[in-house]
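According to Swiss-Prot:
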type: BINDING; residues: 53, 58, 64, 290; note: [4Fe-4S] cluster 1 binding site
type: BINDING; residues: 79, 83, 86; note: [4Fe-4S] cluster 2 binding site
type: DOMAIN; residues: 65-279; note: domain 'Radical SAM core'
């Protein structure tokens, strides 16, 4: 039986604005035998691992993999939630793979990573939302890479205190949870998420002393004033690091791009973010939550 239970979408690419030149990325490797992208892909395929890089059709895949960095995605490649902007499949997930944490650690060691980002699909079918699976993965990585920085990009876990405690006990170097969009757009963009719930997750983590991080995707119909209000909300709950990037419609069935935000606006928002207290604001059309994540931990222009 096919586990995917997709509802038909009605969006279209026909009325989407034309993609500007600043979003067109090319990356060439003169020596195919030493192509770093192929090296990372082969390692991931060998270990049968999922990455958000591929599952979410990230535009920076080639760039990040050429740096031999990747964001591992736990819990399979089927999400229990369905967001209109996201290219990850939704439906009924398979049971967790108990060997996945060990394989992720083996891949991280083989690639000699110095900054590992671990995220997951939403697993609302699990009592702890997959928190214990995160913990096992962190433990396995630290066995082989004790000096590696570990960033956890977690779902909201429905703000269950028991699940959050499991994450806190991992003691991640960065605690990341993406708000994604402004409050007004949540019902359309992420109907199974709650704006206040996401802020609560970040507030609790900040209060516990963790370096917290969040991200917004622009171009889905928000106004500049709404973005600034959202940034203020994130700063007020203690978020230190912020990423701002351009939304790109994955397929014709996903939410259409409403606007391609010009690079100058991203620059202005970076300045604004610094002015209201963020330690670092990584802002640009191609920026994603884990883009150059190893630099973001200390980035402070």
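Backbone N, Cα and C atoms are what each Cβ position is placed from, and that goes for glycine too.
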Exercise. Roughly how many angstrom lie between the C-alpha atoms of residue 83 ([4Fe-4S] cluster 2 binding site) and residue 290 ([4Fe-4S] cluster 1 binding site)?
Worked result: 19
Seminar exercise, completed: residue 290 ([4Fe-4S] cluster 1 binding site) to residue 86 ([4Fe-4S] cluster 2 binding site), Cα to Cα, whole Å, comes out at 16
Problem set entry | Structural state of residue 79 ([4Fe-4S] cluster 2 binding site), classified by DSSP into three states | strand
For this session: Sort out the sequence-distant neighbours of residue 79 ([4Fe-4S] cluster 2 binding site) for me: same chain, 6+ apart, CB within less than 8 Å of its CB, listed by position.
Result: 86, 88, 89, 90, 91, 93, 121, 122
Problem set entry | Count of other CB atoms lying within 10 Å of the CB belonging to residue 86 ([4Fe-4S] cluster 2 binding site) | 22
Exercise. Between the binding-site residues 83, 290, where is the Cβ count within 10 Å the lowest?
Worked result: 83
Exercise. Within 8 Å of the centroid of the Cβ atoms of 79, 83, 86, which other residues of that chain place their own Cβ, given that this set defines the recorded [4Fe-4S] cluster 2 site?
Worked result: 81, 82, 85, 87, 88, 90, 121, 122, 190
